[in-house]
Amino acid sequence: MRLSLYIALCLLLGFFGCSDTKSESEVAENQSQVEQKENPISNVDVVTKTNEQKQVSNVSDRSKPNIVILATGGTIAGTTDSHINTTDYTAGVVGVETLINAVPEIKNLANIKGEQIANIDSADMSNEIWLNLAKRLNELLQDSTVDGAVITHGTDTMEETALFLHLVLKSNKPVVIVGAMRPSTAMSADGAKNLYNGVSLAADTRAKGKGVMVVMNDRIQSARYVTKTHTLNVDAFSSTNSGDMGYIVDGEAFFYSLPNKPHTITSEFDVSNLDTLPQVDILYSYANDGSSIAAQALFNHGTKGLVVAGSGAGSIHKNHKETLRQLMQEGLIVVQSSRVNAGMVFASESDSELGFIGSGDLNPQKARVLLMLALTQTNNTKDIARIFARY
């Protein structure tokens, strides 16, 4: 009996003793298995969610286009102390990252990267900023991973920047310029919607090959034709001679027309090796016009070209015209445009013989941009007249 109890006790001690010889790693593994059994769903859930998030992120990166936002300042980046104030504000305050983060919905449309080119009131736009912006855009658009670009810009000189880029960029990828008529801190600010629409258009493959576009108040305008037509209204831009290029509804673009003049990859203008642009100025013609003195002064201080915003279909006061005729003989290039906001200007046969060049349907500020670029190619009057007829 005692022998039987002794044998049974040894067997029991031997059985439980083997657990004491397990390694620490085995103990830890057993502990983990026990914890998993106690909570079998949560750990699997965490792993599954992590994998799903990685997969979604990877798919998203591959499926969404890559859009670069280049910020230059303007009202869209402006602030004011009063939410109801839409006129007395400081432009060019908010940075590009703040603009992007203020419209998180754009990240559903594309993978977004931002760069700050300048942060100014667009009334202070300069040739230097134009050249830097154009060169940076050309560099970015040559990258096969970049699908398009959006530029945030003040509205005062937006149409000029738009045409400049329209003529010097060397890519058919979508480039969209957006801005705002109300500062970012104002009640019912329009910048956020314009930025969203701009990204949606730049991310749209159908926008390729259409040159630079301006998107304001849901309207798509070609850089070639767009102009600012109201000082305060959010519907401040239109294309008086051509009509809108298209419209955006809930982020979807509907196109009506295409630009019919050369641009971007079909343009002859190249600024890649330029550090400066020729000086071109604008003078107005008016009743009892005395601006011939100003024309002479500008020419004496290095102006290479002059655009005259004539009355009606480009008419210039006879006293002013005589001074211009003399200056043209000394090398000044003169383009006739109009202070009227629609229509076309053609130089008469007699004016053409004197050397005047008609701007066609380009307003004075846009004629100035084209004349600047033309003067980077030639100072021959007939060649510049050809350029104006073509572009």
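Every residue gets a Cβ built from N, Cα and C, even glycine.
From the candidate list SER122, SER188, SER200, the residue TrEMBL records in the substrate site shared with THR155, ASP156 is SER122. If you measure from the Cα atom of THR75 (active site) to that of THR155 (substrate binding site), you get 7 Å. With every protein chain in view, the residue among the recorded positions THR75, SER122 whose Cβ has the most Cβ partners within 10 Å turns out to be THR75. Within 8 Å of the Cβ centroid of the substrate site, not counting the listed residues SER122, THR155, ASP156, the chain contributes GLY74, THR75, ALA91, ASP121, ALA123, MET125, HIS153, GLY154, THR157, MET158, GLY179, LYS228.
Residues of the domain 'Asparaginase/glutaminase C-terminal' (279-388) grouped by DSSP class, helix first, strand second and coil last, total 47 helix, 23 strand, 40 coil. The Cβ of ASP156 (substrate binding site) has 18 neighbouring Cβ atoms from other residues within 10 Å, across all protein chains displayed.
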